[in-house]
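Over in TrEMBL, the protein carries these features:
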| type | residues | note |
| --- | --- | --- |
| DOMAIN | B:10-65 | domain 'PAS' |
| DOMAIN | B:74-125 | domain 'PAC' |
| DOMAIN | B:126-198 | domain 'PAS' |
| DOMAIN | B:205-257 | domain 'PAC' |
| DOMAIN | B:282-546 | domain 'Histidine kinase' |
| DOMAIN | B:764-882 | domain 'Response regulatory' |
| MOD_RES | B:ASP814 | 4-aspartylphosphate |
Amino acid sequence: MDVAKLLQQHVDLMDDMFKEGLLDEQFNQLQQLQDESNPNFLEEVVSLFFEDSQRILENMTETIGKDPIDYKVIDSQVHQFKGSSSSIGAQRVKNVCVTFRTYCDKEDKKGCQDALEEVGEEYNLIKKKLETMLELEKQIVAIGGTLPFMEGC
Amino acid sequence: MGKSYQERGVFICDEEAKNIYTNKAYQEMTGCTREELLGLGWTSCIHPKDLPSVWSQALRLYSRNSEMENRHEIQCEFRLMHRDGSFIWANCQPVDMSGFSGVGTFVGILEDISWRKEAEESLRQSEERFLLAMQGSHDGLWDWDMVTNKVFYSRRYMQMLGMEAEESNGNFSVFESRIHPEHHNAVITSLGEYLSAHGLDSHPFEVETPLQMKNGTYLWFRMRGQALWDRNGTAIRMAGSITNITERRNWEEEQARLIANLADARDKAETTAKARSEFLAVMSHEIRTPLNGVIGMASILLDTASTPEQQECLETIRISGECLLSIINDILDLSKIDAGKLNLTPVPCNLRNLVEDVGSLLALRGEAEGVEMVVHYRSALSAVFVDAVRLRQVLINLVGNACKFTHKGYIAVDVSIVCSTCHQEFFLGQKQYQKEISDRVFFPKEFNKSSSHCGEEEQLSPIQMPHQMLQWFRFSVIDTGIGIPADTLGLLFEKFTQCSTTGTYGGTGLGLAVSKKLVELMGGSIGVESTEGIGSKFTFIIPLELDPSAEQGHRAPTNDLCNEEAHEEEVHSVAKADRLPKFAEQRRVLVVDHHEMTKEVVCEQIRAWGMESRACNNVSEAVTILKQSTHENEPIHIENFGQEMERARAELPALKGPQLIMLGHVGQSLPSQPVLAELGCCACFNRPTRQAYLRNALAVALAGIPTTLALPHCTLNTGKLQNLHFGPFSNPCLLFSNGKEAVKGEDSPRSLTSASQSTVHKSRVLLVEDNKVNQMVAVRLLNTLGCTVTVACNGIEALSILECPSTYDIIFMDCHMPGMDGFETARLLRQENHASHTVPIVALTAATSEGEVEKCIASGMDDYISKPVTKAILQRALDRWVGQESCCMTAGTDLLP
């Protein structure tokens, strides 16, 4: 595969993610933060996000599974998730978290269960796309290409 | 009826009913003599009105004569007239003597019964009154004989309930049957309780109940009564009244309904206001986030843009974005104030630093056009309680405006204390503007002679002794800008008016409206004077409480600099303190600067410290003065700058003597220490002059340390002189300032501006954040901004890290963390004995909702930024809270070996 093709794939993937609202401009900012001195910043932060999210999702599933549900605990877990997803620019995950918290407020069990499912789906979606993105970037760099957002750095 | 008669009057009549005998008592009763009465009819002395009834009785007496045995018992009563017109009531007992011839036919015995008549009359009147009252009263009366269970109901009672006449002498069930079924039990129970309580002392029985009317409807009545009990405690009688209270009940119900409606309306309004406030908070957040993206990206692109055209476009994008952002912030503030949601949080604050900060912050804006920025803080008092964030906002707004509209000359920020009576007359008189500028605002001549800071203030002190803790401060922002037309002056503080310059200068004019509201919120007032083409002067006054716990920095002018130094920096060098006072008074400072305002302020400050000060405009003038003074063997200190400094050094053989302090231009990187030493300068700092910088620089100069050794950290701007080793003084010193033209060759205005945009903060930052992802992003962002970052995962960790004093320039604090949250951490940090209690704290908050921000400020944090953080947001926070000093420090630390 030549660099141009990979780059085109990368551009298309990014375009898709922004178009579908999976990401917002916060992610742009993260890309800007990657430079020669921190060539793997994006990967590091995204991996950390995966790790963190995995843990939070497990905790949330556990909390929701209990009867009765401790809505304070679930609320603070959602708050955490909202924080990290908005930090990384995963805005659809963030948006579901916002709704999720209103269900916590209302102590709406059904709402919480649905929201948990939805937030898991959204997370898996963005996770898959970001993994693809990172894989593409690795390939690009491996064959000597420059990532679009790092040009001029 | 004045007289009363004990004796009975007796008269005897003949067949013709004429008196044939009267006794003495009768004569006295009628006031006639015996002779006069003889032959008169016995009825002649009877009151004419009573005659008919007397006659009718007499006739009856005669007609019954035959059949009635006990006719002597018949009596009649009439008024017996006295001849003087008075009368008595008399009872006449006739005795028929017709059977006894010769004696007369009729004997009458009269008894005076006036007393009885009077009693009867008064009884009748009383009954009449009672009846009238009963009939006239709106209350219905009832009287219940409980032994017979008969109840008397008054006419009014019956009328009120629409009762039929036959019910008028009913029993208790007449009443009972009319009680509303829902209230029946309650009424009967409470009546039973009342009756069994049997005490006359007890309160009368009282109950409110609906009673049924004749037509079946119910009206509300209040029933009151009092019972009588016999010796055995059995109730035997009870009487009382009923009052129609339907109207009152209706009114009460209406009232309750209205109150409920009002409460409902209030709740709705509150919900609406809250919704609006939340909407605005959310919206502003939603608008701000992408806007920050635009501004941030524009800034980044600006650094990499290759052609001037691109740069210009990007600069326009950036400026437009900034402008839009400030408008959004203004709108948010206005709506907050309008909703009464903006609360001031006064905190201990050094007012001088605050004002000088604003001056330093905005000096760069004018510098490009050669506009001079001067802060003239006249008051000796500076430790106050004030909402620093809001006061800074007002000042930045006014000074920012001045920058926008001033293209030549100067901008001066003048702070002084006004007396409590003066502030009331504050804006009553429009003094002539020109006179203001020349006489009052700008360092009057007499100022130079006076050793005190402010004559006004000095006069006040004795008067204000009782209220000394509250002082009115006047803040004036004076510029020599384009001015404001007289006809639009009045509209200036209204929302959305900007005096038709909007086209040229942009902006909505909301800033002044916000400033006005903020000043008013602080209990002050704001006004403006302006002359088109000459300049404007915005002045506001606010009352501020002095901080009794803080050092006010009021020093006698003869105090030496290094004592102050020791005080402020908490450096206790006995040797220094001992030595320096001796020569402080001998010192002379020559200020060389072509900026009129700066020259004046610096000279004045130096004089205030008890030293002599002269000013001149350029090096050649300085040379002349120095030659004369060395000739006279007088030590002189001069401030000046730069390339010119080299020339000065070359031209001045005498300069071996004086110490030189370099005054750099606004925003300039200060020269490295070797360069400074080569120039022969012992210290340097940038305009606009700050009192602390000047004092520190002079302290070094006066200590007379050889420059190369004196300044291991040549970063006077940080104000830290702890590391200085004061050797024995030898040389006098010299202060020089740079001229604008001196730098024109090397620094274009453009590069100055962009230098300020990409200010590199080598600040030490403590980030308190529990979210790992957020940590990583924020750390990286702060690193790209040049900061060194330490991370604490929660409040407890942060507190232990902050045990060591002032290791950090700024703290970014997440609000919600497990363990100890940001609010609690800030509260603990702000306790005065905490080692790091002065470090600025900026909250990181996910929501810009009303309560959250208030909580941040209330817990002692200085500012807040909304998450997710971006480079632009962090940069602004750093600019605001670490600001220029850190830039200067950058220059300094770069020079370290």
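Backbone N, Cα and C atoms are what each Cβ position is placed from, and that goes for glycine too.
Just so it is clear, the model here is predicted, and its values are computed rather than measured.
Taking Cβ-Cβ distances under 8 Å and a sequence separation of 6 or more, the neighbours of the residue listed as '4-aspartylphosphate' in its chain are B:VAL768, B:GLU769, B:ASP770, B:ASN771, B:ASN774, B:GLY822, B:ALA843, B:LEU844. For the domain 'PAC' (B:74-125), DSSP puts the residue distribution at 12 helix, 23 strand, 17 coil. This prediction places the mean pLDDT of the domain 'PAS' (B:126-198) at 80.
Classification of B:ASP814 (4-aspartylphosphate) by DSSP places it within a strand.
Assigned with DSSP, the residues of the domain 'PAS' (B:10-65) fall into helix, strand and coil as follows: 27 helix, 11 strand, 18 coil. Taken residue by residue, the domain 'PAS' (B:126-198) breaks down under DSSP into 43 helix, 11 strand, 19 coil.
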